Structure formats: C-alpha cells, structure tokens
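Here is the structure we will look at, set down as structure tokens.
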Amino acid sequence: MFTLLVDFADKISVFNVFRYITFRTGGALITSALIVFIFGPTIINSLRLRQGKGQPIRADGPQTHFKKAGTPTMGGLMILSGIIGSSLLWANLSSIYVWVVLLVTLGFGSIGFYDDYLKVTKQSHLGFSGKARLGLEFIIAGIAAWVIMHNGQAPFSSSLTFPFAKEFIINLGWFFIPFSCFVIVGAGNAVNLTDGLDGLAIVPIMIAAASFGVIAYLSGNAVFAEYLQIHFVPGTGELAVVLGAVIGAGLGFLWFNAPPAAIFMGDTGSLAMGGLIGTVAVATKHEIVLVIVGGLFVVEILSVIIQVGYFKMTGKRVFLMAPIHHHFEKLGWTESQVVIRFWIIAVILALVGLSTLKLR
C-alpha cells in the first residue's frame, strides 16, 4: 500500500504524508490493533474449541494458577496476524531489514506454535525438544545475521559500541554472526520465560518496541545519527513502522489477556516477539542497549540459568521458584502486584536505555 499511495503524492499533495515514517508508524499501530480487536474473539473461540483443556498448568506452580486451567493458548497467532498484516500495508517493503525482521518473527513464531501444539496435545508443560528448538532458532538467527551483514543496501559495520563509553568500540569481524545469533536467540527465550502471568510479558514487549522504534527511527536518519554519534544504518527507519505494529497488536492482545485472561500468548507469541526485538537490536547496532531496555527479560532468563546451574552443582535452589516472577508469588505477592511492579521496572529500564543515546 505504501508504494501505491506514494505514487499519488506527485499528483495529490495530501498523499505526501505517506512518505513520513512517523505517520505510517501511527497507521501501522492503529491497523494492527484493529486487526486483533476484530478477529481476536473468533480466534479465541476457535482455539478454545480445538484445544479442549487448553494450556496445561504446572503442578509445582503457585496455587492461584490452577483456576486458569482450560484457558486456550497460542494467542500469539492474534499478535502475529496484526503485526504482519499491518507491516505489509504500511512499511516500505524495499527495505531488506523489514523482511529480515518479519521472517525471523515468523520463524520463531512457527517454532513456538509447534511447541504450544505439543504441550496442548500431550497436556504437559514439556513441549518441543530443547536442543532441537534451540538448533532451529540458531539457524534462523544465523540466516538473519548473514543477510544483515551482506544485504548490500548500506555499508556494513561489524563494530560493537557500548553505552556511556563512545570511545570503547570492539570490531567483531566475522564473530558478528555468532554474536548476533546469541542476541536474537537469547532475546527470544528471555521473553518466552517472562510470559508466565496474565499481562506480564506483553506490556514490557510494547515498552521495548516503543524504545527500539525510537532507536530505529534515529539510526535510519543520517542527521540524527550524526548528532547523537550512533551508527547510521540506512533503511532501519522502516523498522519503526513494524514496531508500531507490535505496539498496536500488543494493545489488542492485552484487551483479551488482561486478568482473568481469555487467552494466553503461548510460545507462539513470546518467542516471536523476543526474536523480533533481538533482530531489530542487531540491525540498528544497539545490541548492548537491548540489555538495558530489555533488562526485565534479562533478569528473568538469568534467574532460570542460576537456578538450574546452582541446583545441578549443590542440589539446592537459590529461588523458591524460577523464573523469578514465580519466586515473588511464592513470597506472597499477588499476581497483580508482581505484574504491575515488573511493568514499572520495565518503564524505568527503557528510559535509562533511551538516555544512553545522548549520554555517550
């Protein structure tokens, strides 16, 4: 639609607004939200009929979770429909970065869908083989990293910059590809582990999307990039449109995921969203900033790594339960307290992350 409407700009001046990324980002946000609002109830009813018992609830989880039994999962299908449909309408599809991000999103979403399918059919929280799942994720991430490195649309830089230290730069060289794989796969699984309470993951996802929407817009603009002394990556500005679609789809999904949730995001959505944000961070050359903006996700995945590692070494646990949001539930926090307090942390971390654009 972007190309069609811009063609009219030479004849009808009002169509010039479609040249502006900011306008199209707003359009993508509204469109994706409407897609989820309109088709959401149909998708939820269909999934409820097909899944029967819905997503299985962990037997060792907090007692308050057992009342959620029967809630359908795979709500990520709603989110992906909104993002992809809206992005194809509003984004400039001549940007290779748009295609890379959307394909990673679809790839990770497909892996998550199969994982959800196995969990529902087997009625077990153990789905897809961990090794096979990670292997597929690394293959998809590796292809994305290779395309970003050899896309030919702009001079490529393999340098890694650090917030608050503009003079400290590491040239990754060919290590850029394995490093990017680590970022993308790590982001996907970090968001996946965060998705354990109603509304817990989707709001921080939208916050991260908004933050990286700003970063993508600035990175794709030569004037702003030079002023802020950040990497100028032509074409990444269009990722702001995709991220606008993420926010819109997230708002639509939250309408149905607000407690008591009518549907869960599932791995279909959480893996896809994490992979999307991780790929944007790699494309815009802000991988380290992702650690700050997505700090909540980082803490969640670290809590699992620490819990598993320490238990294997000592037979004891560091946390009452991992990921860490369940630890706080076990301490007596209500679900709403955990969710809202984690949202607040996500907002603070996003503001800190954005501040690094100027404080260099």
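Cβ coordinates are placed from backbone N, Cα and C, and glycine is handled just like the others.
Quick caveat, the model's predicted, so the values are computed rather than measured.
According to Swiss-Prot, the feature transmembrane segment maps to 27-47 (among others).
Long-range neighbours of the transmembrane segment (71-91) within the same chain, counting only residues 6 or more positions beyond its ends whose Cβ lies under 8 Å from a Cβ of the stretch, are 1-2, 24-25, 27-29, 31-33, 35-36, 39-40, 43-44, 47-48, 51, 54-55, 98, 102, 105-106, 109, 112-113, 116-117, 119-120, 238, 241-242, 244-246, 248-250, 252-253, 256-257, 261-273, 276. Per Swiss-Prot, transmembrane segment is recorded for 71-91 (among others), and the stated evidence type is sequence analysis.
The transmembrane segment feature in Swiss-Prot is assigned to 93-113 (among others); the stated evidence is sequence analysis.
Residues or ranges marked as transmembrane segment in Swiss-Prot: 134-154 (among others). Beyond the ends of the transmembrane segment (134-154), by six or more residues, the same chain brings 95-97, 100, 103-104, 107-108, 111, 176-177, 180-181, 184-185, 188-189, 233-235, 271, 275, 278-279, 282-283 to within a C-beta distance below 8 angstroms of the stretch.
Sequence-distant contacts of the transmembrane segment (168-188), counting only residues of its own chain at least 6 positions beyond either end whose CB sits under 8 Å from a CB of the stretch, comprise 104, 108, 134, 137-138, 140-142, 144-146, 148-149, 158-162, 270-272, 274-275, 277-279, 281-282, 287, 290, 294, 297, 301. Positions annotated as transmembrane segment by Swiss-Prot: 168-188 (among others).
Among residues of the same chain six or more beyond the transmembrane segment (199-219), those with a C-beta under 8 A of the stretch's C-beta atoms are 21-22, 25, 191, 225, 228, 230-233, 236-240, 243-244, 246-247, 250-251, 253-254, 257-259, 261, 265, 270, 273, 277, 280-281, 283-286, 289-290, 293-294, 296-297, 325, 338-339, 342-343, 346-347, 350, 353-354, 357. Per Swiss-Prot, the feature transmembrane segment maps to 199-219 (among others); the stated evidence is sequence analysis.
Residues of the same chain lying 6 or more positions beyond the ends of the transmembrane segment (239-259) and with a Cβ under 8 Å from any Cβ of it are 21-22, 24-37, 40-41, 44, 75, 78-83, 86-87, 90-92, 95, 97-98, 101-102, 198-199, 202-203, 205-206, 209-210, 212-214, 216-217, 220, 265, 269, 273, 276, 280, 283-284, 335-336. Positions annotated as transmembrane segment by Swiss-Prot, on the basis of sequence analysis: 239-259 (among others).
Note on the transmembrane segment (262-282): residues 43-44, 47, 54-55, 71-80, 83, 100-101, 104-109, 111-113, 115-116, 127, 137, 140-141, 144-145, 148, 180, 183-192, 194-195, 201-202, 205, 208-209, 212, 215-216, 239, 242-243, 246, 253, 256, 289-290, 294, 297 of its chain, located 6 or more positions outside it, place their CB under 8 angstroms from a CB of the stretch. The transmembrane segment feature in Swiss-Prot is assigned to 262-282 (among others); the stated evidence is sequence analysis.
Feature annotation from Swiss-Prot assigns transmembrane segment to 288-308 (among others). If you look at the transmembrane segment (288-308), the same-chain residues 6 or more away from its ends with a CB under 8 A from one of its CBs are 160-163, 183, 186-187, 189-191, 193-194, 204, 207-208, 211-212, 215, 274, 277-278, 281, 317-319, 322-325, 327, 342, 345-346, 349-350, 352-354, 356-357.
What Swiss-Prot records for 337-357 (among others) is transmembrane segment.
If you look at the transmembrane segment (27-47), the same-chain residues 6 or more away from its ends with a CB under 8 A from one of its CBs are 72-75, 77-79, 81-83, 85-87, 89-91, 241-242, 244-249, 251-253, 255-256, 262-263.
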